[in-house]
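Novice: Sharing a structure with you now.
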Amino acid sequence: MRSSIPNLLTLRGRGGSRASRGRGRAHPEAHDTTIQGTDTDAAVSRLSAVHCGYLTDPYAQFFVSAGGGPPTRRLPIINRGTYTRTTALDRLVDAFLDGGGQRQIVSLGAGTDTRVFKRFARGETEGLVYHELDFEIISQKKLRIVRGNPMLSRIMGEITVSEDATCWSSELGARGEYHCHGLDLRKLVDADESQVLIPGLRTDMPTLVVSECCLCYLATEQAAAVLAYFHKRIPSLGTVIYEPVLPHDAFGKVMTANLAARGISMPTLDSYPTPADQEKRLSEAGFVGAVKAMTVEEIWRKWVTDDEKARLDSLEGLDEVEEWELLAGHYVVAWGSKGLDVKAWNELLT
């Protein structure tokens, strides 16, 4: 097994800056900074997939420093992984929004994720309330980029910054509203009912909490407490989680060693090592409706049509088929709900 196995954690397009979740260790600030760097990896991988034709995302270019040259090109299996994860989460988000009526999305560790811009630019978001949470340094960076880019500024409209500068928001009229919070997720762990840590969070509408390689950087108990924060407050709630699995086989050991070499640890990987464990995790957290976990490899086989696979293969070709199957088999998308009409999600499984 090659020690240079590529890592789908760099695919996060929320993966977001995982700075807001570190394990309590001797130098937590240093660990937070290391995790923040994964957002740069994610933005580069997203732009690579766009540049190579896998994805359409006119906003990805604004979150990568070009340096005067062409975009960095990732390996074909990385581009395929970016595509599969991104389209899978888009499909689940679409299914949630198709439920009708006002809806709310909360993206944990959103970083430089561009999904919010695509949503509001299409104008298909009537009444949508969209929250992004990440470390303050990342939310401020996103604010600077949006303000400095005419295309993004047109989408987001007039921006209001909170008095303490930890949150910036956009009121988008009939399209909805957007809030970007500079918040360390660990502050949600011991929050009491009287604390308003997420200004603008609605508890009276169906809500989807999305974690793309975010909660995995928290201690297991902290990750569970973050989910519980929303579960206790919002009656109609769904969640979608993207994380690595299978750390104990030969491939998984190399994968975790690669991450450890970068100073990155993922406590939930040990706590929920299999897709079945991820399903159990959500069920025990109270998400008992439409609970399911699928590996990226399974999603590729079942959700991507033959015609689309042929299109993607024509872009670069893929010689490392066995390596792709191993790599994609070690990442999972898991979802579940409580108090939601999950018909659309159930249909994804047929």
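Cβ coordinates come from backbone N, Cα and C, glycine included.
Pasting the feature list from TrEMBL:
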BINDING   Arg85, Gly109, Asp184, Leu185, Glu212  S-adenosyl-L-methionine binding site
REGION    1-33  region 'Disordered'
Novice: Which whole number of Å gives the largest C-alpha distance between any two of Arg85, Gly109, Asp184, Leu185, Glu212, the residues noted as binding S-adenosyl-L-methionine?
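Specialist: Overall maximum Cα spacing for these binding residues reaches 25 Å.
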Novice: Judged by the number of other CB atoms within 10 angstroms, which among Asp184, Glu212 is the least packed of the binding-site residues?
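Specialist: Candidates: the binding-site residues Asp184, Glu212. Fewest Cβ atoms within 10 Å: Asp184.
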Novice: Within 10 angstroms of the C-beta of Leu185 (S-adenosyl-L-methionine binding site), what count of other C-beta atoms is obtained when all protein chains are considered?
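Specialist: Other Cβ atoms found within 10 Å: 28.
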Novice: Counting other Cβ atoms within 10 Å of each residue's Cβ, which of the binding-site residues Arg85, Gly109 comes out lowest?
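Specialist: If we count Cβ atoms within 10 Å for the binding-site residues Arg85, Gly109, the smallest count is at Arg85.
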